[in-house]
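Worksheet: one structure, shown below.
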Amino acid sequence: MQQSQQQQLPYRNIISDDHPIYKPEANRYHLYIVNSCPFAHRAYIALKLKGLEGIIGLSITEPVFDDELGWQFSESYPDHVNGFSSIPDLYKKSGNPEYTGRFTVPLLWDKQSSTIVNNESPDLLRILNNSFNQFVNSETSPIDLYPSDLQLEINELNGKIAEHINSGVYKVGAAKTQEIYNTNVDNLFKTFNELEERLEKSGSKYLFGDRLTETDIRLFTTLIRFDIVYYHVMKCNLKQIQQYTYLKKYLVNLYQIPTFRSTVDFNEIKTGDYKAKVFNPSGIIPIGPNIDYLLQL
C-alpha cells in the first residue's frame with residue numbers, strides 16, 4: 001500500500017515524540033486482542049517480547065466472534081479500561097466519522113484522548129518494537145524485531161508470507177469455486193515448500209539467521225494454528241506442519257521460547273475457528289489433533 005493511501009486510513013497513527021497527539025508515555029496506552037485471531041496474536045507476542053506488559057495495558061475478548069455484535073467482553077473477559085461490552089463500543093467512543101471499516105482487533109487505545117491509535121497488526125508490530133524502548137531495560141529486552149540492515153529483506157518476505165500464508169489459509173477456506181480453491185492451495189503449499197528449503201539451507205533457528213524478527217512472529221501465528229484448525233476447517237489438507245522436517249523444527253523452536261508459548265491458548269484458538277459458522281456450520285469442536293510434537297525439541 002502506498003504511503004498516500006495509508007494516510008487516508010483513519011486508524012494508522014504512529015506513536016512518536018514528533019506526533020501531535022500520540023506521544024510515548026508509560027501507562028497511557030492499552031492493547032485489545034483476542035486469543036483466537038492470528039493477527040491479534042502478533043501484537044501480543046511483540047508486547048511480551050519487548051517487555052512492555054508493565055507499560056501498556058491489555059484486555060482480551062471472548063474467543064468467538066459474534067456476527068451481530070462483534071468481539072465481546074464478559075465477566076471472564078473484561079474491558080479493563082472502559083468497561084465496554086464489545087469492541088464496536090470502542091470504535092464508537094473513538095468517534096471517527098470517516099471510519100466505515102470492520103470493528104477489528106488488535107487495536108491500540110489511547111486512554112488520554114479516548115481514541116484508537118492504530119488497528120493494523122503490521123503497524124502495531126513496529127509501534128511496539130520502536131516507540132517504548134525508553135521505558136524498558138535494554139539489557140533485559142534488547143531485541144529489535146525490525147533491524148535497519150534487514151528491513152528490505154524483511155519487507156519482501158513479509159509480503160510473500162502475508163499473501164500466500166497468513167491470508168492464504170483464509171483464501172483457501174473462503175474459495176467459492178474449485179479453480180480458486182486449487183490456485184490458493186497451490187500458492188500456500190508452494191510457499192511452505194520455499195520456506196522449508198530456506199530453513200534447510202540456512203540451518204538457522206529463525207528466518208533471518210540467528211536474529212528473531214517480526215517476520216518470525218508473522219509466520220508463527222499461522223503455523224501454530226495450522227495443524228489444529230486450518231488443515232481441517234480451511235481444507236488446507238495436503239500436508240500438516242508436523243510432516244515438514246524444517247518447518248516443524250522451526251515451529252517447535254519458537255514454541256519453546258517461553259514468551260511465545262505463554263501467548264498460545266489452543267482451546268481458544270480451536271473454539272474461535274470451529275465456532276465460526278461460515279467455516280464450520282455445526283459448531284462442533286473436535287477433540288484432536290495430537291500436537292505433542294510441539295513439546296519435543
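Quick reminder: no glycine exception, Cβ is built from N, Cα and C everywhere.
Within 10 Å of the Cβ of C37 (active site, nucleophile) there are 25 other Cβ atoms, across all protein chains. TrEMBL lists C37 with the feature active site, nucleophile.
If you look up TrEMBL, you'll see W71, R102, F103, T104, V105, E120, S121 marked as glutathione binding site. Cβ neighbours within 10 Å of S121 (glutathione binding site), excluding its own Cβ and spanning all shown chains: 24.
Feature annotation from TrEMBL assigns domain 'GST C-terminal' to 122-273.
In the three-state DSSP classification, Y170 (active site, proton donor/acceptor) falls within a helix. Counting Cβ atoms from all protein chains shown, Y170 (active site, proton donor/acceptor) has 16 others lying within 10 Å of its own Cβ. Marked as active site, proton donor/acceptor by TrEMBL: Y170.
Counting only residues at least six positions away in the same chain, the Cβ atoms of V169, G173, T222, C236, D273 sit under 8 Å from the Cβ of Y230 (site 'Lowers pKa of active site Cys'). Annotation comment: TrEMBL describes Y230 as site 'Lowers pKa of active site Cys'.
Residue environment of V105 (glutathione binding site) contains 22 other Cβ atoms, counted within 10 Å of its Cβ in all protein chains. Secondary structure at S121 (glutathione binding site), taken from DSSP and collapsed to helix, strand or coil, is helix. Ranking the binding-site residues W71, F103 by how many Cβ atoms sit within 10 Å of each one's Cβ puts W71 at the top. Cβ-based neighbour count (10 Å, all protein chains) for E120 (glutathione binding site) stands at 21. Averaged across the domain 'GST C-terminal' (122-273), pLDDT for the predicted model comes to 97.
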